[in-house]
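What TrEMBL says about this protein:
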- Asp38, Glu225: Mg(2+) binding site (BINDING)
- Asp38: active site (ACT_SITE)
- 39-43, Arg51, His55, 83-85, Trp87, Arg89, Arg206, 212-214: substrate binding site (BINDING)
- Asn86: active site, proton acceptor (ACT_SITE)
Amino acid sequence: MLNKLVWRKSDKQNRNLQERISDMTGEIVPKHIAIIMDGNGRWAKKRAMPRVAGHHEGMKNVRKITRAANRIGVQALTLYAFSTENWKRPKMEVEFLMRLPEEFLTSFLPELMELNIRIAMIGEMDSLPEHTQNAVKKAMKETEKNTGMVLNFALNYGSRSEIVSAVQQLVQKAQDGELTVEDITEDSISTHLMTSELPEPDLLIRTSGEIRLSNFMLWQLAYTEFWFTDTLWPDFDEHSLLDAVNDYQKRNRRYGGLKGE
Ligand code: FPP
């Protein structure tokens, strides 16, 4: 751990971001990175600020990490912005969080277009406030022809209910005679999930020292490499992302096979 810290510090001092990004050329970059952005509240508390100030800072950080992921050639970036459990938070905090997509997508849209980034969303759209729905739908529509990185927001998302819904759709099709019980396979479940258009995540990052999945992409993360950091989300910068990707590059993904296969 100490070695890692010392290495990280000297790395930051001696090599700038551009050099680190250039070093990545020709290396394997995860096609899809999923991030559980945690620690906004603690970031604010440390500064004697209200929790929502942490969320606002967290939103600003989404821009930074989106740009960095795009620069290193990531194809899809999924960000857990609001879980189905987050409705239990105080009303004022929920309302604040529900305004963030609007602020983010409105101010960032010109750059998203310039960067050829497409906005997507997983989660229950219908129960979001109308203004949040409008902002997300508008950004999805305006960026729909972009062919670069997909910036996918998990908003009002819960993985178990996503799996239940996929199974229900399949059972309905079986009842209607469109498919047989044998047609209910791993592939058909995957294609009925909200992520059907995306590759499964190669790398999952969770910030703030929590080491759990919190009902996030349980099916899709079956073979994903996990990377946890104590860094709070608003402090998770480009170097942190590159640290995670560099670590990923050292892993040997075996998918249940043997080393070196
Ligand atoms: C968890 O931290 C974070 C959230 C519930 C919200 C995450 C949202 C953002 C980072 C902004 C999203 C931006 C857009 C554009 C939609 P926490 O509040 O649980 O932190 P704590 O554990 O320190 O209290």
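Glycine is treated like the rest: Cβ placed from N, Cα and C.
Unlike curated entries, TrEMBL annotations are predicted automatically.
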Listed in sequence order, residues with CB under 8 A of His55 (substrate binding site) and six or more positions away: Asn40, Gly41, Ala44, Glu93, Phe96, Leu97, Leu100
DSSP three-state assignment (helix, strand or coil) for Arg206 (substrate binding site): strand
Alpha-carbon spacing, Trp43 (substrate binding site) to the residue listed as 'active site, proton acceptor', which is rounded to whole Å: 18
Among Gly39, Gly41, the most crowded of the binding-site residues [Cβ within 10 Å]: Gly39
Cβ under 6 Å from ligand 1: qualifying recorded positions of Asp38, Gly39, Gly41, Thr84, Asn86, Arg206: Asp38, Gly39, Gly41, Asn86
10 Å Cα neighbourhood of Arg206 (substrate binding site): matching recorded positions from Asp38, Asn86, Glu225: Asp38
Integer Å distance between the CA atoms belonging to the residue listed as 'active site, proton acceptor' and Asp38 (Mg(2+) binding site): 12
Rounded Cα-Cα span from Thr84 (substrate binding site) to Glu225 (Mg(2+) binding site), Å: 24
Those residues of the chain, 6+ apart, with a Cβ under 8 Å from that of Trp87 (substrate binding site): Val94
Cα-to-Cα gap, Gly39 (substrate binding site) vs the residue listed as 'active site, proton acceptor', nearest whole Å: 14
Glu225 (Mg(2+) binding site) in three-state DSSP notation: strand
For Asn86 (active site, proton acceptor): intrachain residues, at least 6 apart, with Cβ closer than 8 Å: Val94, Leu97
CB contacts for Glu225 (Mg(2+) binding site) [other CB atoms within 10 A, all chains]: 19
